[in-house]
């Protein structure tokens, strides 16, 4: 899709990013809201002169310093340096990772950066995944602006506490597996899961946990096999070493993390990397040394099932979440959470047609990197390559993602996404229905959508203009246009101005920075 709204925003991230606040090197981040984040006043964004196209992000170059003030260095890694940065418009603080383009020495390096941007855009909005705020490219560097994880690494917090219970370990694991269940249901394999890639949003006792560093992550389709050996030695699954693997490799890595959480040492250890790999391939896990004799049988059962050398016999993320040990404190659900795409479809169903048309316009303005993940999901569901998804294809596609729905629920979702009511979901309808609602926080997207309706550039959307737009998209459902206008028209002048339009678009959307996220407690 085109770049008509792409405002030098999107983003990218890279392998081995510097770790904020604890000197490490992962795609650190998580927005430490220095002030409460309320929506800024709705006013059309100023027109900006576009620069030349950047070779890495493939869109106009832009100076990150026009929107952010860069501060102290937070960390340094192989590919980049991370600085604290402050958004000029709001005063909010973020992390800005700068990648020198001279370090991207070949086509593969550039593709890795682009893919990471696409994946982070695809996952942005999930509560326990670091959020990408934007990416900028100038002559010398690519700059990634993301949430600031000021709380440091998860394991550092555990070590500082000095002790924790199996119940606390189960709570941590539940959050980590829920994150990966979301990734897998959205067609992403992380491929580099390790303790260093889980950061805390803040230094608060109950700070949310954030998954970071998607530099090695890939999009995948069910049944797809990967062959390249990537990851960190202690956490690599045996099938990765054998160059034939899929999403099951992530579960192995989390199983290694659980083993370490329970006993303090990795299950496969040696003096050299090759020695570690040989130990992994042998598959022998020690459950006899201290403290394993006093660890509960249920915990050991889960570790064994996550570290099964046969990926076909290994538990899936959904099965891990249903294991008795993880559910012991009663907080874990009986079934995995609905996958993110299904939740978005449900939300889309509740929107009025005016808002749905606006979302179609915004979907057409998103950059390729913002919708790449959804594009792949659409292609995966469109099994006959017709360019549309039928009811049966939607049913099968949701089932492959691990979502169990009744026939009625599938039909309801079909009706929600099929905006023009022709019995199938086309590409534009799918993107509009499933793109994350945080796209509505971007002023340039909202303004472009408003301009689409405001044909005469009067600054208002009239009854005639709204009727024309609904007809254009085949979405005039018989409701009186004046009734729709009256729902949105705050000052009762019979037309809709930009501020009223923005209020309608944001009404009923989830808070992009909810205070109540999944919380951790170390007891």
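Using N, Cα and C of the backbone, Cβ positions are placed for all residues, glycine too.
Quick look at what Swiss-Prot lists:
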type	residues	note
BINDING	74, 75, 76, 77, 78, 79, 80, 81, 82, 97	ATP binding site
BINDING	454, 456, 458, 460, 465	Ca(2+) 3 binding site
COMPBIAS	7-20	compositional bias 'Basic and acidic residues'
DOMAIN	480-511	domain 'EF-hand 4'
LIPID	2	N-myristoyl glycine
REGION	1-60	region 'Disordered'
REGION	332-362	region 'Autoinhibitory domain'
Residue pair residue 82 (ATP binding site), residue 454 (Ca(2+) 3 binding site) - Cα distance, angstrom, rounded
42
Take the domain 'EF-hand 4' (480-511) and count its residues per DSSP category (helix H/G/I, strand E/B, coil), listing them in that order.
17 helix, 2 strand, 13 coil
Take the mean position of the Cβ atoms of 454, 456, 458, 460, 465, the recorded Ca(2+) 3 site. Which other residues of that chain put their Cβ within 8 Å of it?
453, 455, 457, 459, 461, 462, 495
Round to a whole number and give the Cα-to-Cα distance in Å for the pair residue 80 (ATP binding site) and residue 458 (Ca(2+) 3 binding site).
47
Taking only the CA atoms, the spacing between residue 465 (Ca(2+) 3 binding site) and residue 74 (ATP binding site), expressed in whole angstrom, is 50
If you tally other C-beta atoms within 10 angstroms for each of the binding-site residues 76, 458, 460, the top scorer is 460
So if I draw a 10 Å sphere around the Cβ of residue 74 (ATP binding site), how many other Cβ atoms end up inside it?
25
